Every structure is written in C-alpha cells, then in structure tokens.
Amino acid sequence: MSKRPIPIDDLLKEDAIVPKYIPKSKRAKSSNGPGEDGANTTLKLQYPQSSVNHGSAVSRSTQFSAHQKSSTRPTTSLQPPSKLRHKKFQFDWDDIDDPHYNPQPLYSFELDQLGVENGDNYNDNKNNNDDDDNFDFQDPLLHDDRNSGHWSTKLLSEMTDRDWRIFNEDYGITTKGKKIPHATRSWDESGLDPKILASLKSFGFRQPTPVQRASIPISLELRDVVGVAETGSGKTLAFLLPLLHYLSRVDGNYLNYEKVRNEPLALVLAPTRELALQITQEAEKFGKQLGFNVLSIIGGRQYQETMDQIDNMIVGRGVHIVVGTPGRLLDSVERKILNFSKCYYLVMDEADRMIDMGFEKDLNKLINLLPKNEKLSTTIDGKLFHLTKRLTMMYTATISPPIEKITKSYLIDPAYIYIGGAGEALDNIDQHFDYLSTYAESARLSKLIKVVQGHKRRNRNALVIIFANFKHVCDVLSLELEQNNLLNVVIHGSKSQEAREEALEDFRTHQAPILVATDVAARGIDVPNVSLVINYQMSKKFDEYIHRIGRTGRAGNLGESYTFLDDADAETFMPLKKFLKSGRKKVPEWLYRYNIG
C-alpha cells in the first residue's frame, strides 16, 4: 500500500516557522575564537524542532523549505559593530499578531476525523485503510436537503424563503404590504373550493397565470387587493375564482330560502360594455356549474329586459353576481331594479381606465351604496357571509393619484401585487414605426394596405386590429379595406350595442379577420390570436398606445405592432423613447434625431 501524501496543513505549519535571531554575544561564544575562520563565519539561523514526525519525505521537504528560507535572506559576513548596530533588533511575536491566525475558523474539524491525532503521521492513523479518502465532513450547508433542488421538485412544506424568492422571480411577482401570503404554485395548492377546481380542470385551465398565483391566496384570506397588471394577464379569473369561492361559503339556508331576487352578493365594475360582456361570459361559464346566476348591466339594453332576466332566474333565487358599467348601474339602483344592501364583495377591473373615462364620481357613489365596513363581525350578515369587513379587489395598469385616493378611502390594509413589467415595453411584441415627415393621407392609406396585405400573406389566419382616433376615420378605413378585398368590421361609439356585439363575434370567429376601432375597443377586449395591431393614428395619450398594442402578443404568443406617426404626435415622442429604452427595445433612428423642443 502506497504511503499517504502529507497534509497540506502540516506542510504550511513547517513553512510558517519563524527563524530565531541569535544575538552577537551568543554568536561570539559559539565561534572558534578570533583568528579561526572568524572572517568567514556566517550568521546561523536556528529553527525550533517540529514535534510532528513526517517521515523521510517530510524531512526532505522541511530541509528544502528551510534552505529556501535561508536562501532568500542574504548571507552576511561579520562586520564591525558600528555597521551592524543599526540593524540590531528582535521580533517578539504573539499568535494574535499573526495576520494568518484565526482563533475562530469558518469550519472546525476534529483531528481524528482527518486521521491525525496528537500530531501522528497519516500512515499511523487508527484505521490505516484507503477508505479514509472518503471523509464525511458533516457540513450542515452541504447536507441540508431543503436547500438542494429547484422549488418545482419540492413539497410545499419543504419550500424555503430562498425558494419563494426564486418562485416570485420566475413568475415576475412583486408584492407590497404586511404579512402577505405566498403565491400558489398550482391549482391544487390554491385552497379553492373542490367544485371550482373541478371546473378549472374541465375547462382546460392547467396552471394559474402569475396574477392568479399571487391574487388568489390573498383574496381567500378575505383581504383587500390592489393588482397592477396589464390586460391579458389573466385578471378576470384572478378575481372571479375567489369571488365564486366566497359565494360557495355563504350560509346555505340564506341562499336557498332568504335571499331576495334583486339583491346581488357581488359586484364587478368595468369601464366599457365590451369588457363587461367578456367578464359576464367567463362568470356564466363557471356559475352554471356552481349554481350561481350572473347578470350584466350595460348601456344599449332596455331596463325592462334586465328586470325580466332577474325574474326568470329560477335557480338560486335571483342574481348573485352583477357585472356592469358605473353609469348604467347607478341608473338601475335609482330605478329600484337592483339593491346592493347585501353586496359585500366589490371588484373594480381596469380602475384607471374608469377614472380616465370620467367615472370617478360614479365610482364613489356606487361604493357608498354598498354596506359599510364598520362592526360587520358583530352583525347577522357577518355570520351569514363569514366576513368581518367588505372585501374589495381593484385591478389597474397604473397607480395614479385618483387610484391612490380611492385606495385610501375605501380599501382596508390592502396587499399590492405587481406582475411582470406592467407599464414596461412588452418583450413579445415586435414594434415598428413609420414616421411621415409630411402629412399625406393618400400615402398613409397606401402604406396601410401594403402592411395588412403583407401580413396576411405571411399569416393566412391572422387577426388584425387597426386603431384610429376618430369615428369618421374608422369608416373611411373600412371602405378602403373593402375596396382591396380585405373583409373587416368596425366598432366605435356611434354603433349600437347590438351592432358592436355582432361585429366582435364576427371578428372572433374569423368571418371578418380585420377589426377597425377607436379606443373604445383598446382596453378589456380579450380576443385570442391577434397577431398584428396597427395604429393608423397615434393615440393622444401615450398610455393608450400601450393598451392598444397589448391586444397582441398574449398568452406567451409573439405579436407585431405597426404605428404611423407625424409631427402632430410630438407630445408622445419623449415617453415613447423612454418606453422603448426601458424595455431594451430598438429606438428608431428618426426618434433619436428628432428635436423634441
């Protein structure tokens, strides 16, 4: 069996031995006296003997080390005392003075673990076998199974704080507030009612989106939520699923025998009729399986039609969830069609959009019509609905001063959720810009047709949305597209509600694969597989530009946008430049050169 190599620690100990300086008086006594090779006598360095016997190999190493140390010091001949006096000094070192001395090493091992005990040779250790090469140092960091592996391979109980940080980074989740629960990793871990989980499975929802992962656990704790996320991130289910879970926990006797038909238990507010209808469709899909009725209150419909709908809801004693726009809802309350005295669950979707559209006063009026928060836990309603306060969920793309005002006025200790790069350049949208130095309507129309035709050739089943700022421009574009055999539909404020719904349905089903619209359709309409958005006219507010192009590139798909600009759009150039830079997108050369005065 071959001899073991010498431990590096022991070699370093030998190399670290400090030479002992011999005073002149002792050197004189040890010399042979004057005249006997006195001129050639050199200074002798004495090294203390090591107590560790390393064998012949170690001796050779020690001799070499000592020789190396002595060779680095010049061999000085004896000289007159006058020339040596200024060099006469003596070091007096303590262990604490050694810069390499560490009384509390990062890792401390017992000597017998390493096979060395009381300075014994490695070859003389207790076991003296080759298996000693595989030592288990018992490092707690190396052997902590909780710190090994990705979070997706662990049980929920094994998740560490580090795992949760990585999880949130993976899904772009940021939160703000006190004692916010962890996001859910899957539907099964969400805590939702089993019937809701079964519905999710039957509808093919395999995994929650980031906003759903973050929002649902907070809502299930009956805590107010402010979610900052873009349209298309899955916000609808983020608030509908906790809402349905809440309804499933309401006292059964109240639901079956005491509930009044026109007293909804939950209210969802939306800025536009289109978004309200979209939310209604999603809520009805789940509500039918769970036994809850959904009613939409939007403009363009007769009040009698709404009343008939409520009366015809045979199952479940009337309406449970109301979805609508603020103005129409206020009218319905004033006409006694609806009563919100039992409505303890409020959702405001795209709240910033409602503020922009002038609904701030209507919002305040509606919220004040809801039951108050004070001392709910001591009331009968608190026991029936298992609540201590009213529950409010608000979703917005930006946190503006009016939004902050509403939050401070009506929400209690809310948890803030920020998803991904809300407000930042969208990574999966390829943005193109065409700057027209001279305004020529004919040239712009010609380029528009070429862009649409080129995109259609590359993507035969493509859905395209074209935005303009004015209704008459939309009508002109629609005629121009028809003349070039490009089927399209138009949506703007002058269209009736029935015409708008029919146009959207034709667009969704690809019967008319091009939609021409004003900003009324820019927010809230969730049409899958839109591959191109064209801004025939740049929006007057830059935020609207973000909402427009957000119609494409959804659910992880790639999308394109094409925007025409001219000098009249100069107010949007600076925010556009910052927007592109923040998202590490290419800034057009003309935008770099443009003199933004």
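Keep in mind that glycine also has a Cβ here, set from the backbone N, Cα and C atoms.
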Given ranges 349-352, 381-384, 481-484, the stretch to which Swiss-Prot attaches the annotation motif 'DEAD box': 349-352
When Swiss-Prot marks a stretch as motif 'Q motif', which of 185-213, 272-300, 301-329, 533-561 is it? 185-213
List, in sequence order, the residues of the same chain other than A229, E230, T231, G232, S233, G234, K235, T236 whose Cβ lies within 8 Å of the centroid of the Cβ atoms of the recorded ATP site. T209, V211, A238, Y395, I419
Taking DSSP helix as H, G and I and strand as E and B, the motif 'Q motif' (185-213) has 13 helix, 0 strand, 16 coil
Would you mind pulling the DSSP three-state label for G234 (ATP binding site)? coil
With the fewest other Cβ atoms within 10 Å, the residue among the binding-site residues A229, G232, T236 is G232
Counts by DSSP class (helix H/G/I, strand E/B, coil) across the motif 'DEAD box' (349-352): 2 helix, 0 strand, 2 coil
